[in-house]
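K.L.:
So Swiss-Prot has the following annotated:
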| type | residues | note |
| --- | --- | --- |
| DISULFID | CYS272-CYS282 | disulfide bond |
| DISULFID | CYS281-CYS340 | disulfide bond |
| DISULFID | CYS309-CYS372 | disulfide bond |
| DISULFID | CYS313-CYS374 | disulfide bond |
| CARBOHYD | ASN47 | N-linked glycosylation site |
| CARBOHYD | ASN71 | N-linked glycosylation site |
| SIGNAL | 1-18 | signal peptide |
Amino acid sequence: MQKLQISVYIYLFMLIVAGPVDLNENSEQKENVEKEGLCNACLWRENTTSSRLEAIKIQILSKLRLETAPNISKDAIRQLLPKAPPLLELIDQFDVQRDAGSDGSLEDDDYHARTDAVITMPTESDLLTQVEGKPKCCFFQFSSKIQYNKLVKAQLWIYLRPVKTPATVFVQILRLIKPMKDGTRYTGIRSLKLDMNPGTGIWQSIDVKTVLQNWLKQPESNLGIEIKALDENGHDLAVTFPEPGEDGLTPFLEVKVTDTPKRSRRDFGLDCDERSTESRCCRYPLTVDFEAFGWDWIIAPKRYKANYCSGECEFVFLQKYPHTHLVHQANPRGSAGPCCTPTKMSPINMLYFNGEGQIIYGKIPAMVVDRCGCS
């Protein structure tokens, strides 16, 4: 009996020395583990708006396959930008990206931009420096954006200077070829007759799709073209080498290409604004202003709504995969927590100068956040 009492005293003494036992210790450890696992892989949610904008700039350059932003000044843009109907229509009717209601579908976009149209300006060529002692216009060089897409349309646009009296104008588009035995250097592409009235000059388009297809199949046959637009007195009205005051009137090629559509799937998420107190994963508005970047090489849009995702992702909230919660409960230390990320992204249309001075109209995929979710 005495031994039992001694054992009890020793036990009580150990309790006093060791201090009280915290019965909540295990639960706190478990909670800490859960907090650690919540978003070790998604600390980017704490990024500021400025870092998000910097990321968008890097994305755009990467998707356009540009190492740096094209160095084109506003003055150069005024000279290079054609004052022609197809380009003016693109700018006037440009679908500036808006945060319109989404159907919740998720498009499987490619990473790089998809080209829809290319406006190609003439360039200098060693093959077309002089013919018959005179410099000739025009030589067009084609990038891979045209070569590796399905050609839908190819139009040559030329500007005809105004006439003082009603006149009939004969337009000829000639293709330069290698000298034949009889000395012939040209073969006809198109010819047409136009009746012009006094007033302002006019833009005229000519279908050159067949010629362009041949050039793409046999690049060595592309030696350039000559443009003539003669009135009854033999005066050439075509602007081939712009004179002072004729900026933006240089001939150019408008090429349209097509691509195959992508499949889609369904998804949904929460929408918030900057004043929202919502702590869960949500989509927030963010406007990208290219003029603020100093990116004058982007013709349109000047700004667009990109949006971003932010918020907490608890394991029981907006689970993308139902089994994720069970896996985490079984092994809380071994599973990374879900992250608030875009679950639907859509492209933006863009009209821009590339590094070669060509005007490109196309789509840049995955530049607008339409939905956010936890995954």
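The count begins at 1 with the first shown residue.
Cβ atoms are placed via backbone N, Cα and C, with glycine included.
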K.L.:
According to DSSP, which kind of secondary structure is CYS272 (disulfide bond) found in, if we only use helix, strand and coil?
P.N.:
coil
K.L.:
Tell me, in order along the sequence, which recorded positions from ASN71, CYS272, CYS281, CYS340 have their CA within 10 Å of CYS374 (disulfide bond).
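P.N.:
Of ASN71, CYS272, CYS281, CYS340, within range: CYS281, CYS340.
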K.L.:
Would you kindly give the Cα-Cα distance separating CYS340 (disulfide bond) and CYS372 (disulfide bond), rounded to the nearest Å?
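P.N.:
Computed Cα spacing between CYS372 (disulfide bond) and CYS340 (disulfide bond) is 7 Å.
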K.L.:
Which three-state DSSP class does CYS282 (disulfide bond) fall into?
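P.N.:
Assignment for CYS282 (disulfide bond) reads strand.
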K.L.:
Would you say which of the disulfide-bonded residues CYS282, CYS309, CYS340, CYS374 has the most Cβ atoms within 10 Å of its own Cβ?
P.N.:
CYS340
K.L.:
What whole-number Å value do you get for the CA-CA distance of CYS282 (disulfide bond) and CYS309 (disulfide bond)?
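P.N.:
Here the two Cα atoms lie 6 Å apart.
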K.L.:
How big is the gap, in Å, between the Cα of CYS309 (disulfide bond) and that of ASN71 (N-linked glycosylation site), rounded to a whole number?
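P.N.:
About 32 Å separates the two Cα atoms.
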K.L.:
Reported as an integer number of Å, what is the Cα distance between CYS340 (disulfide bond) and CYS313 (disulfide bond)?
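P.N.:
Rounded to the nearest whole number, the Cα-Cα distance is 6 Å.
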K.L.:
Cα-Cα, whole number of Å: CYS313 (disulfide bond) versus CYS281 (disulfide bond)?
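P.N.:
A Cα-Cα distance of 6 Å.
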K.L.:
Rounded to the nearest angstrom, how far is the Cα of CYS281 (disulfide bond) from the Cα of ASN71 (N-linked glycosylation site)?
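P.N.:
On Cα coordinates alone, these residues lie 39 Å apart.
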K.L.:
How big is the gap, in Å, between the Cα of CYS281 (disulfide bond) and that of CYS272 (disulfide bond), rounded to a whole number?
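P.N.:
Distance between the two Cα atoms comes out at 9 Å.
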K.L.:
Give the number of CB atoms, excluding that of CYS372 (disulfide bond) itself, located within 10 Å of its CB.
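P.N.:
If we count other Cβ atoms within 10 Å of CYS372 (disulfide bond), we arrive at 29.
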K.L.:
Specify the count of other C-beta atoms within 10 Å of the C-beta of CYS313 (disulfide bond).
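P.N.:
Taking every protein chain into account, the count is 24.
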